[in-house]
Each structure stands twice: as C-alpha cells, then as structure tokens.
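A short worksheet on the structure shown next.
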Amino acid sequence: MEAGGLLDSFIYGACVVFTLGMFSAGLSDLRHMRMTRSVDNVQFLPFLTTEVNNLGWLSYGALKGDGILIVVNAVGAALQTLYILAYLHYCPRKRVVLLQTATLLGVLLLGYGYFWLLVPDPEGRLQQLGLFCSVFTISMYLSPLADLAKVIQTKSTQCLSYPLTIATLLTSASWCLYGFQLRDPYIMVSNFPGIVTSFIRFWLFWKYPQEQDRNYRLLQT
C-alpha cells in the first residue's frame, strides 16, 4: 500500500474509533441510571445537543455522499437516542424533559424543511448545512469555557475529566486532518476549537495538579 493510502486509512480509522469512543462515554451514565434507577448527577442537555450535532452532520454526510460521516454520526445519533430514552424513563420530572425534546424535534423539522424545501440548489444546500453544523459544533466546544473560568477561580480541576480531555483532543485532531485532506473547511474549522480548548485544559491540569487541588481544599475547610 502506498504511503498516501496508508495515511488516509489511518485518518479514517482514527476518526471512527476516537469519535465512537467519545459517544460511548455516555454508557457509564446509562449504567449509572440503570443501577440507581435515577438520573442523579446525570446531565440531560449534553445528550440533547449531541443528538442535534449528530443529526446535522449525518444530513451533511448524506448530502455529500461521505460514508465516514454517515456511519459515525448514525451510530452517534442512535446512542444519544438511547441515552435520551433512558433519561426520560428514570427522570421524575418528565414534563420538562419532554418539552425540551419536543422543542428539539420542532427545531429539527423546521431546519429540514428550510434546507430541503426552500434551498433547491444542492450545492447551496450543502454549503448552508455545512455552515450550520460548523457553528453548532464550535458552540459545543466553546460551551465548557465557563467551567474553565471556574477552575481558575477555585484553583481546582476537580470538575474536569483528564480522559475526556485526551479523547476530545484526539477526536478533534483526527477530524481536522480529515477535513484538511478533503479540503472541507466546515469539517476542519469546526473541530479546531476542540484542539485549542483541550490544550487549555492540559495547561490547567499542569497548573493546578491533583495534589495541589487537595491541599487547596484542605485550606478551604
């Protein structure tokens, strides 16, 4: 196999493995909900936003004919649907969850109606859908910035996950390389903030290590 083909296969495999690994992180929440029969310490909003993100990129991949995007986001959407249904089953306040889910479905229906009915040109539809997916993904990567500010304020990295930071870096870097290879700015640019925020988290882990974190909490008590 030529070097170029080997590199392409490596990038494709990295995108699939690292992304599905991130999506499967919710299985620990699913196991927690089943064991405790509650949704304590489980956040619903990440499931919902990731579902929107998966369905958006799935539509983009289908319109573009990109098999990697289709497979990864189809599996991701299926997993998020499973997490949402489990959360709904164990959540005592079902009305709020149902309202949020119905709002999501309404937004998705409006979006699909706009892209498929009001944008007849396939190329224009692809560009606008890619822009929407990029903006949404960037907003997801930037949403934890409030947590990073909290880390600096409290001098504690307790609210950050080191394994998740590594997974985010590997996933973002893989998709950036994939987008660069395809010369697709929507894929490439949307994942770059994930690399930046991951390195910021690594810096915070270095600046506020766990030992210092424990000492700081002892001083606070």
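Using the three backbone atoms N, Cα and C, a Cβ is placed for every residue, glycine included.
Note that TrEMBL annotation is computational and uncurated.
Database features, via TrEMBL:
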TRANSMEM  6-30  transmembrane segment
TRANSMEM  68-90  transmembrane segment
TRANSMEM  97-117  transmembrane segment
TRANSMEM  129-148  transmembrane segment
TRANSMEM  160-180  transmembrane segment
TRANSMEM  186-206  transmembrane segment
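Among the stretches 6-30, 97-117, 129-148, 160-180, 186-206, the one making the largest number of Cβ pairs under 8 Å with the transmembrane segment (68-90) is 6-30. Beyond the transmembrane segment (97-117), the same-chain residues lying 6 or more positions past its ends with a Cβ under 8 Å from any Cβ of the stretch are 44-45, 48, 51-52, 55-56, 59, 84, 87-88, 91, 125, 128-129, 132. Here the transmembrane segment (6-30) has long-range neighbours at 42, 47, 50, 68, 71-72, 75-76, 79-80, 82-83, 86, 164, 167-168, 170-171, 174-175, 177-178, 181, meaning same-chain residues at least 6 beyond its ends whose C-beta is under 8 angstroms from one of its own. Long-range contacts of the transmembrane segment (160-180) within the same chain, counting only residues at least 6 positions beyond its ends with a Cβ under 8 Å from a Cβ of the stretch, are 11-12, 14-15, 18-19, 21-22, 25, 68, 141, 147, 151, 186-195, 197-199, 201-202, 204-205. Through the fold, the transmembrane segment (186-206) approaches residues 60, 130-131, 133-135, 137-138, 141-142, 144-145, 148, 151-152, 157, 160, 162, 165-166, 168-169, 171-173, 175-176, 178-180 of its own chain, all at least 6 residues removed from its boundaries and within a Cβ separation under 8 Å.
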